[in-house]
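Undergrad: Okay, here's the structure, questions in a sec.
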Amino acid sequence: MNPARPAGRTLLVVAFAVLALVASAAVALALGSVDVPLSRVLAVLVRRLGGGGDVTVLEDQLVWQLRLPRVLGAVAVGAVLALCGAVLQALTRNDLADPFLLGVSSGATVGAVTVMVLGIGVGGLVASTAVSAAAFTGSLAALAVVLLIAAAGGRGLSPHRTVLAGVAVAYLCSAYTSVVVIMHGEGDAARRVLSWTLGSLAGVRWESSLVLLGAAALGLVWFCAYAERLDAFTFGEVSALSLGVPVTSTRWLLMVGTALVTATTVAYVGVIGFVGLVVPHLVRPVVGHRHAAVLPASAWGGAVLLVWADTAARSLVERQEVPIGALTALLGVPVLIWLMARRPRT
């Protein structure tokens, strides 16, 4: 077999993936409540990157100040959620595992609701910064509780115990959130909570988009370094041990890693479901089951999916945004049903 052929095919696939992502981002920059022609989008980017040309204040504001940070945020968040979904599905050998398995979203909601409804801990911080900080803190607190429960009794961090602990913490956080919103939530506060729990990239600006891109890059490098160990996990814990994989330390490192990068995204954009659940299942039939391919493919798929979902969220209804979490659910549920129907009976 010609060794140059696989390398050439890989290069072609990578080039196609990059072009598809760039094209998706270009369309996202052009579309919105006010459409901007692609030629004017390019003019704004050229001018901002040091080239010449004249652009209007409105074009610069729409493309550079508002839409580009939001598109970059969508790329980062989509990549993180899909990456973490692929990692957790391998670690737990559970096809329904997603980035919120470890109670991260529930803990983040507790932190965000505490600030938005009760106003606790705002102090001198800007409200949006306080919400993000509280959500991140809540995520880490929930993760710590889940891992402590799962590892209680010195029996190790098994997938089954981790899932059960995550479910228990999620129910506890949900109960707290419901009580606080019902007893203390005024109309505006309740609407903010609902909007946050359905996810939105409307608040993403340059500073937050750079943080999100950093989290995505860290997650991609971190998890791809463990691709071979994740391959071993797909055959079970005993097989992984027989192959020399340090199961306990690997599981701890990867679970904490997924929780940290997921908590970062949730802190800025709220809870966006189904991306981490569905995307890994969509890419595996195309790239195979080796995680050296599954992880970057999942990151790409999640990025493209969320860019288009966010574009639709701010374009479908005039002067109003559709919650992006609702759109990903509308897409994810049929895809999940289709995937379940395709699986052979066991």
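Glycine is treated like the rest: Cβ placed from N, Cα and C.
Curation plays no part in TrEMBL annotations; they are all automatic predictions.
Features from TrEMBL:
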- 71-88: transmembrane segment (TRANSMEM)
- 100-127: transmembrane segment (TRANSMEM)
- 133-151: transmembrane segment (TRANSMEM)
- 163-184: transmembrane segment (TRANSMEM)
- 204-225: transmembrane segment (TRANSMEM)
- 232-254: transmembrane segment (TRANSMEM)
- 260-280: transmembrane segment (TRANSMEM)
- 292-310: transmembrane segment (TRANSMEM)
- 322-341: transmembrane segment (TRANSMEM)
Undergrad: To the transmembrane segment (71-88), which of 204-225, 232-254, 260-280, 322-341 is linked by the most Cβ pairs under 8 Å?
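TA: By the under-8 Å Cβ criterion, the transmembrane segment (71-88) pairs most with 260-280.
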Undergrad: I'm a bit unsure how to read this: which one of 133-151, 232-254, 260-280, 292-310 has the highest number of Cβ pairs shorter than 8 Å with the transmembrane segment (204-225)?
TA: 260-280
Undergrad: Sequence-remote contacts (6 or more beyond its ends) of the transmembrane segment (133-151), Cβ cut-off under 8 Å?
TA: 102-112, 114-115, 121, 125, 157-158, 161-162, 164-166, 168-169, 173, 252, 255-256, 259-260, 262-264, 266-267
Undergrad: Going along the chain, which residues at least six beyond the ends of the transmembrane segment (232-254) come within the CB cut-off of under 8 Å?
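TA: Beyond its ends, the transmembrane segment (232-254) has Cβ neighbours at 87, 90-91, 93, 147, 156-157, 223, 226, 289.
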